[in-house]
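Structure record follows, encoded as structure tokens.
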């Protein structure tokens, strides 16, 4: 294969650009393909700018096909795009409603205990949890694009909001201001999420990698479980901090609480709560185990939390649990959500806290909600629009902040129940809202006897599934760096704060992404025997190098960040290959750069290619380029690199064409040398 390149005459007469008149006809000779790279294709600046913007912000091209419609029809299609209910509601019938009715009632039975539990987790009045399961689902049914998502509060966001807002005001010292900041944070969350959706900036959420979310949710679940010691042991006081050291210290420190009133009272850990909690935990865990063994009985585990609330409430009422070591929720007022617009606070001293809480919890809620919606949609071979989901989440959180609700999203547990219950459309959220409305209007006071230990048990069992040990092991096996990102989030949340863990993990993910850009992969290609295919010689050891010709593949954009590295890496490849060639009696004469993986190049990248060209020209080595993309070709032509420096004849469609042309040029050079001799 190309043994001529090793001849002595070939070394003495290295061919360069224009070394022969025939070099201008390298395309289409010597067996090379007659097709040439299109170097004249140039797009107007406006067209190029619009193409780049469309690819960045509208990769799914949601408005394709609108242009051929009449103006009125086009406007109606645009309205239906932003309000999906207008699309599916006209086709809705009884055949779908019977499934949505069952699913809605099922998730409502889960929403009641979870709403009360997560509100308590956020140190909010329990009724706020029920309010948050009434208005937001109605908004999502109108604007949401997922048929499977069930809307409600989530534990991680509840704890995150509480940990941020409690740095500004304590829930027990100023409960009114504390509640107002939750409403205000939900308002900013809604604005932020809506803006991301409208301006198609969903890529921001992509900075929360799967590894980050897995570690963060696992660490948060651990902290939440430990914080339930307060409810499981019937304790009155507990720390507001979220790190494991503070939680364990608080659990031990308050084992003997002293109430400074006359007569002095001592509050120990309540064994009554602990016994009842163990019973509830065993019941809930058994229902989850039953669901795994018999998937058709999923509804048992779905209604198990509601049964715990009901049974616990009846038991506490009969034995007067609040007087015998079983603390209860307390009064819950009847009535639907009161307006809370007037309670939004925009005072400068509290604004920073509300905005911080809203943005951080909003990003977390988006990541969880969109991930859940997409994963469930894939099972049914459906599509959901991430940007439409952001708008839907934003609108429902803005509406929620006006109606005494705090942050809501699409929790996995409730959405999974909705999915398995056979939901067909977002109407299941409407059914759930109606059920919650009936509870608020007629049944809310009955939940006053709900034991706090019942709520703690529900939270513990819900959180156990979020500590994904198998996923941790999988990450360690597949990608050690991803495992480190996951563990940074997990350990940061467990030992420091939720914000610290999330920030550190995202920061490490960004550093990794920057390293991939700054230190892109390059590889040497060789020919697979018996074919025209060229592959990485490390991956395919049987691939043979071409004597006198080095083929390198560049697999990333060439920017100012990596231009210097790529220059040094290419020259090192050349030096190593030249030494290898000399060891077998011939010289390296050609460098072929496969640019098929280079999606773009900036001015620094063009300068790097020029520096490499000059350096190799001094050593008598000619460069050939193969398969440059349109964006790259435009830059190389406009900069003069192709026409003035390299030469059109050294740009090829494929590596095979370049190799054939190089061999042809070598043959011409050798023949010329023999004639001179």
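Every residue, even glycine, has its Cβ placed from backbone N, Cα and C.
The feature transmembrane segment, as given by TrEMBL for the ranges 67-89, 90-112, 113-135, 297-319, sits at 297-319. The range from 177-199, 246-268, 522-544 that TrEMBL describes as transmembrane segment is residues 177-199. The range from 149-165, 336-352, 557-573, 574-590 that TrEMBL describes as transmembrane segment is residues 149-165.
Between the stretches 390-409, 410-429, 610-629, TrEMBL puts its transmembrane segment entry on 390-409.
Record note: among 358-378, 631-651, 652-672, 358-378 is the stretch given as transmembrane segment by TrEMBL. Looking at 45-61, 453-469, the stretch flagged in TrEMBL as transmembrane segment turns out to be 453-469. No contact links the transmembrane segment (211-229) to the transmembrane segment (297-319), because fewer than 3 Cβ pairs that are 6 or more residues apart lie under 8 A.
Across the domain 'STAS' (539-662), DSSP assigns 66 helix, 22 strand, 36 coil. Summarised as a single figure, the pLDDT of the domain 'STAS' (539-662) averages 93. Nonlocal intrachain contacts for the transmembrane segment (297-319), taken as residues 6+ away from its ends with a CB within less than 8 angstroms of a stretch CB, comprise 106-107, 109-110, 112-114, 116, 276, 280, 283-284, 287-288, 290-291, 326, 328, 417, 420-421, 446-447, 449-451, 453-455, 457-458, 461-462. Pairs of Cβ atoms less than 8 Å apart link the transmembrane segment (177-199) most often to 390-409, out of 149-165, 269-285, 358-378, 390-409, 453-469.
For the transmembrane segment (358-378), the residues of the chain that approach it from at least six positions outside its boundaries are 145-149, 154, 156-157, 160-161, 164, 184-193, 196, 202, 204-205, 208, 213, 216-217, 384, 386, 389-390, 393, 397, 407-412, 415-416, 419, 499, 502, judged by C-beta separation under 8 angstroms.
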